[in-house]
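Have a look at the structure below before the remarks.
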Amino acid sequence: RGAPRRPARGGPMAYHVEPLQYPLELGWAYLLLAGYLARVLFASVRLPGAVGVLLVGYAFSHFMQEDILAARDDLQHFAFFLVLLNAGFEVNVHALRPRILVISLLPGAFELLGIAAVAVLREGFTVVQGLVLGCVLFPLGEGLVIPKLGEFKHRFPEHPLPKIGLVWAPLEATMALAFFGFLEGLSHPDGEVAPGAGVAVAAVVIRIVVTVAVGAAIGAAAGWLLSNVTRPKVRGRTVFTGSPVEAFLVVLGLGLAAFGAARVVPMGFAPGEVFNPDLLVIALGSAFGERASADVLHGVDTFLASIWVFGSIILFSMLGSKTSFRLFTEIPRFLPFMVVGLACRLVGICVAVLASKRCDKCKAGRIVIFEILFFFLCCLPRATLQGALGGVPVQRDFFRDDAAQGEAVREFVSEGARLYIVMFSISGSLLLEFLGPKLLRLTGDAYSRELKRQLSPDTVRPQGNGDAAGPASSRDSDEPPADALDACSDDLRHADAGESSDDASEEAGPDESEDAWKIITVVSARSVVYRRETL
């Protein structure tokens, strides 16, 4: 025991685990208690808790209980389902404005293509194999980034950048999961026979459309029913309680049913299933979040967050049990992927940030540079999706038709995912922890000075005759001030879609027309609130 060996199915190099026979309850007790203790201890010293759970899983590989070892892949599969459901709940349709989409998806797409290019040119992978590797390695670790951005949002309530980051992270995770599901159909899992090019394209289009439509329909119907669940009565008594735990159990059951049923409905004219299981769960969660009432959604979110604590311990402990120290000898081989991928990511951030500007005045050098650096730091922590996706090619036997090369690719993807977790989760979290607040303070000062300069009374003047200003007169007045304000805020105030600016604006009365074009400086969650109706 302890000698590295190559698994029979071509999985990653790992320590050979000889299971031990002892009560199952003791194995679970170790995983839950030691895993949670390591998680909170690492978090208390500003290190990612996922790394602590990985170490607990690695130690468990030396005395793993036989039943847990037999169910290891199934446990990882369930944890992956929780990742998908959580990603669906975090997608806010109201925040999907064009510029938010650009800054959320373009940098990740650049890194994905950069990693795939290195895999094709340097390692001799096929295009699909390179894209699978890139799709596993490029996503930011939303489980690490989102809590930190939430902390920044409370520490810097006037700053827009943490808000756009809170929209960015789940969107990028959703893109990675959806694209991975698309690539899964092209990787011939479990030895599926490749169809013709035309049939393959038609199957992919049909699969995506049908999956999104059915998932959205199930999620929307569940959201509406659970929001009105107390209405049905039998002999004067309500049938359902309408409690949050009841809503969570229904959503969890529907998600599991959709996740499982999607794998048994065949396409018919092409290999594979008609539904993409990953995208189906994401669409279900997103549609439920849009249709359910605020109380129901809050209750389900609370229970899902609690379940994810358990799911994250299972996910990373099982991943750690498959890890060996040989992994660190592969750093030189993966270094080109890291360098090229991060360079492409930085280029993508630059393009996205500059494309989101609408006026030259707002393209101040300091603001743009600090924005780019902050967004780049947010992309460095990696853990959740690497842990969820890294083992799928091995479990589903991707690229079986490619014989030896397919086996090497599966092993390479799995090793890369674990190496990214160990390296980027620690270094990325530390950099974001210590440099993130400094960049937010610097950009906050720059925002304040630039907005005061552009919205000063000498710069912004009405073009009317001084009569009482109402909604109609504001439309006839000069437009550049609105564009300037919109450009300075970069539409980032819309990222916090659940909030409204109504509480920070007041209607201008007839006696206030002389002050209607003064600066509106609001030290609140939006820095500056501009309402054309008010002006």
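Placement of Cβ uses the backbone N, Cα and C atoms for every residue, glycine included.
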Quick check on the annotations: TrEMBL lists transmembrane segment for one of 268-288, 394-414, 415-435. Which range is it?
268-288
Considering the transmembrane segment (268-288), which listed stretch of 100-121, 199-226, 238-262, 334-355 counts the most C-beta pairs under 8 Å
199-226
Out of 45-63, 127-146, 199-226, 334-355, 367-385, which stretch has the largest tally of CB pairs under 8 angstroms to the transmembrane segment (100-121)?
334-355
Same chain only, please: residues at least 6 beyond the ends of the transmembrane segment (75-93) with a C-beta under 8 Å from a C-beta of the stretch. Say none if there are none.
68, 142, 146, 167, 169-171, 173-174, 177, 219, 251-252, 255-256, 259, 278, 281-286, 288-290, 300-301, 304, 307-308, 311-312, 314-315, 318-319, 384-385, 388-389, 391-392, 395, 497-498
Count the CB pairs under 8 A between the transmembrane segment (127-146) and each of 45-63, 334-355, 367-385, then give me the winner.
367-385
